[in-house]
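Visitor: Per Swiss-Prot, the feature transmembrane segment maps to 26-46, 72-92, 94-114, 132-152, 168-188, 199-219, 236-256, 263-283, 288-308, 338-358.
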Amino acid sequence: MLVWLAEHLVKYYSGFNVFSYLTFRAIVSLLTALFISLWMGPRMIARLQKLSFGQVVRNDGPESHFSKRGTPTMGGIMILTAIVVSVLLWAYPSNPYVWCVLVVLVGYGIIGFVDDYRKVVRKDTKGLIARWKYFWMSVIALGVAFALYLAGKDTPATELVVPFFKDVMPQLGLFYVLLAYFVIVGTGNAVNLTDGLDGLAIMPTVFVAAGFALVAWATGNMNFANYLHIPYLRHAGELVIVCTAIVGAGLGFLWFNTYPAQVFMGDVGSLALGGALGIIAVLLRQEFLLVIMGGVFVVETLSVILQVGSFKLRGQRIFRMAPIHHHYELKGWPEPRVIVRFWIISLMLVLIGLATLKVR
């Protein structure tokens with residue numbers, strides 16, 4: 001919005017030309033989302049407390065979590081608000097990639113909101129019925145994926161980038177839709193599973209978004225894209241603004257979500273952020289890179305799959321409790337230790353992922 005306005009005002013004052021610089025807009029996008037998040041935090045927490053929108057804690061969970069019962073949840077609303085406002089202010093409104101991310105972000109946020117509402121109002125720990133949750137997540141993911149396929153088939157937009165192999169970029173064709181679906185839905189659920197400890201999900205999300213901001217910048221720059229042997233996508237540059245908005249909103253939320261948390265993001269935040277990371281990876285053709293940089297999310301999800309599969313097939317559990325962060329809690333690790341160590345692992349994985357762009 002402000003970019004469009006600045007383009008009309010630059011003829012009256014050349015200083016408005018600064019709004020055309022991607023790096024400037026990336027920085028102010030981050031700061032805008034950060035300040036909105038920090039401003040909304042106390043007000044959102046007070047409002048959620050007044051409405052008695054408190055966290056519902058399972059009775060079979062770790063005993064240390066019982067003290068979290070009643071902590072305000074659905075704080076993801078402030079994350080989404082900060083991201084959407086910042087992106088609308090600083091990104092080019094005509095960019096289709098930006099709107100793809102916003103559709104998934106808001107759509108998954110609405111699904112998460114309904115899920116949270118059922119939990120906190122009806123005191124139902126299961127929330128929205130699983131089949132309906134996956135149905136609407138699938139509708140959004142398939143809708144966006146199919147639209148992207150129709151717009152970009154037989155172009156670099158539907159190629160698969162394989163880490164370590166610069167000349168291996170198979171054209172996916174219609175399989176692009178299927179891959180995009182699994183990446184978007186899978187990442188949404190993976191972040192949701194990770195959101196079980198104070199600050200555990202938000203910081204890896206910030207790290208991955210920051211990593212994708214660098215990838216988006218390189219992908220949208222023809223010289224750097226050719227240098228790194230990745231597809232050049234002319235619309236990709238504006239995803240930098242989206243990624244930095246996620247970073248800013250995430251850091252602002254962490255101010256209130258750090259241990260001991262004053263507020264939880266709820267499904268409205270975790271599903272939306274996961275879906276956003278998924279669609280960003282799809283748009284940048286970096287699905288494999290997401291698996292590396294988002295390794296914490298992958299491990300959390302695999303721990304649940306292995307736990308359920310092992311119990312059904314052998315009648316035995318692999319972990320003391322899944323997702324795996326609860327396993328370490330039950331081993332006696334203090335919650336802050338689990339959180340910070342997962343953060344460190346996440347940062348390392350993002351750096352490794354970025355390194356794979358050059359090691360090809």
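Cβ coordinates are placed from backbone N, Cα and C, and glycine is handled just like the others.
Keep in mind that this is a model prediction, so the values were computed, not measured.
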Visitor: Give the one range among 168-188, 236-256, 263-283 whose Cβ atoms make the most pairs under 8 Å with those of the transmembrane segment (199-219).
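Guide: Looking at each of 168-188, 236-256, 263-283 in turn, the most contacts to the transmembrane segment (199-219) are made by 236-256.
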Visitor: Is the transmembrane segment (288-308) close to the transmembrane segment (168-188), in the sense of at least 3 CB pairs under 8 angstroms with a sequence gap of 6 or more?
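Guide: Since 3 or more Cβ pairs under 8 Å link them, the transmembrane segment (168-188) and the transmembrane segment (288-308) do come into contact.
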Visitor: Do at least three C-beta pairs under 8 angstroms join the transmembrane segment (288-308) to the transmembrane segment (236-256), pairs 6 or more apart in sequence?
Guide: no
Visitor: Can you tell me which parts of the same chain pack against the transmembrane segment (132-152), counting only residues 6+ beyond its ends and a CB-CB cutoff under 8 A?
Guide: 96, 100, 103-104, 107-108, 111, 115, 158, 174, 176-177, 180-181, 184-185, 188-189, 271, 275, 278-279, 282-283
Visitor: Please report, as numbers and ranges, the same-chain residues at least 6 past the borders of the transmembrane segment (26-46) whose CB is under 8 Å from any CB of it.
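Guide: Distal contacts: 72, 75, 77-79, 81-83, 85-87, 89-91, 213, 240-241, 244-249, 251-253, 255-256, 262-263.
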Visitor: Counting only residues 6+ away from its ends, which parts of the chain sit with a Cβ under 8 Å from the transmembrane segment (72-92)?
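Guide: Apart from its flanks, the transmembrane segment (72-92) reaches 1-4, 25, 28-30, 32-34, 36-37, 40-41, 44-45, 48-49, 53-55, 98, 101-102, 105-106, 109, 112-113, 116-117, 119-120, 238, 241-242, 245-246, 248-250, 252-253, 256-257, 262-270, 272-273, 276.
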